[in-house]
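Participant: Okay, handing you the structure first.
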Amino acid sequence: MAGNSQRRGAIRKSGTKKGTSVGSGGQRRRGLEGRGPTPSAHMRPNHPAAKRAKAQQRRPARGRTDETETVLGRNPVLECLRAGVPSTALYVALGVEADERLTESVSRAADSGIPILEVPRTDLDRMTANHLHQGIALQVPPYNYAHPDDLLAAALDTPPALLVALDNISDPRNLGAIVRSVAAFGGHGVLIPQRRSASVTAVAWRTSAGAAARMPVARATNLTRALKDWADRGVRVVGLDAGGDTAIDDLDGSDPIVVVVGSEGKGLSRLVRQTCDEVVSVPMAGPTESLNASVAAGVVLAEIARQRRT
């Protein structure tokens with residue numbers, strides 16, 4: 001009868017046809033039970049797509065500083081706390097000799113609800129990569145850069161404006177020293193490019209002796225365009241370069257000014273130099289060819305401050 005496979009004398013063979021493979025009997029399927037559907041490529045750790053996605057996640061966003069910074073030293077830490085810089089933790093070395101600065105830092109941190117952690121000095125050395133910390137370190141979130149328009153507006157509100165822009169300055173110690181000089185000579189702030197420039201890091205904080213806590217630093221996507229915008233609003237753009245055409249003795253510092261500082265090696269870039277109304281230099285009597293960028297900036301700022309006092 002049709003459909004009746006149990007014919008008398010019939011013998012079921014292990015394969016249906018010659019050459020066909022025999023199935024696993026469901027063993028493989030049962031082995032996959034409970035594992036769910038096959039994950040997509042980017043979710044499988046060893047798949048190239050997953051490796052590319054992981055590398056993209058590790059890559060920092062352009063122009064941003066996403067890591068927590070550590071401010072070292074008693075003066076910088078105290079200046080940050082006095083200025084109310086948001087902080088996540090204060091580390092103090094066990095057994096460190098306290099002075100007024102350390103005592104005030106601990107008191108201010110406690111009043112602000114900042115966790116205070118006492119750690120062995122060796123741990124603090126390791127955490128700060130053996131940089132000079134004087135027994136105290138403050139963790140702060142990434143620096144909150146000002147917008148160039150806001151920086152200029154604040155400077156114009158308290159005339160005459162005095163600003164400094166940095167071109168090709170890659171050493172954070174130079175940035176910190178210039179921020180300190182700007183604060184010392186009555187300047188209003190510092191402008192840096194978003195790329196290929198030093199950032200306000202812990203090293204810059206340390207070199208500024210805490211001045212970075214009260215001196216705004218703005219970051220421009222395009223330095224040349226930002227300087228042109230400032231020039232359109234009445235600010236004189238004065239470049240500072242060893243090959244400048246004008247000595248600082250002949251500089252008129254009475255107008256709103258932004259001093260653009262080039263690096264000691266490269267000087268001012270071509271487009272930035274073309275944007276300047278004039279380029280000044282610091283005359284030197286000795287055989288030294290050029291000054292460190294932060295030293296040269298301090299000399300010019302001191303000259304402008306002298307003129308404005310008289």
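Heads up, the Cβ atoms here are built off N, Cα and C, so glycines get one too.
The S-adenosyl-L-methionine binding site annotation in Swiss-Prot covers Gly262, Val282, Leu291 and rests on similarity to another entry. Look at Swiss-Prot and you will find 49-62 tagged as compositional bias 'Basic residues'. Residues or ranges marked as region 'Disordered' by Swiss-Prot: 1-70.
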Participant: Looking only at Gly262, Val282, Leu291, the binding-site residues on record, which one has the least crowded Cβ, with the fewest other Cβ atoms within 10 Å?
Facilitator: Leu291
Participant: Record lists Gly262, Val282, Leu291 as binding S-adenosyl-L-methionine; longest Cα-Cα distance in Å?
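Facilitator: The S-adenosyl-L-methionine-binding residues span at most 13 Å between Cα atoms.
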Participant: Per DSSP, Val282 (S-adenosyl-L-methionine binding site) is which: helix, strand or coil?
Facilitator: coil
Participant: Which three-state DSSP class does Gly262 (S-adenosyl-L-methionine binding site) fall into?
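Facilitator: The residue in question, Gly262 (S-adenosyl-L-methionine binding site), is strand (DSSP, three-state).
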Participant: Identify all same-chain residues not among Gly262, Val282, Leu291 whose C-beta atom falls within 8 angstroms of the centroid of the S-adenosyl-L-methionine site's C-beta atoms; report them in sequence order.
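Facilitator: Neighbours found: Leu240, Asp241, Ala242, Val261, Glu264, Ser281, Ser290, Asn292, Ala293, Val295, Ala296, Ala297, Val299.
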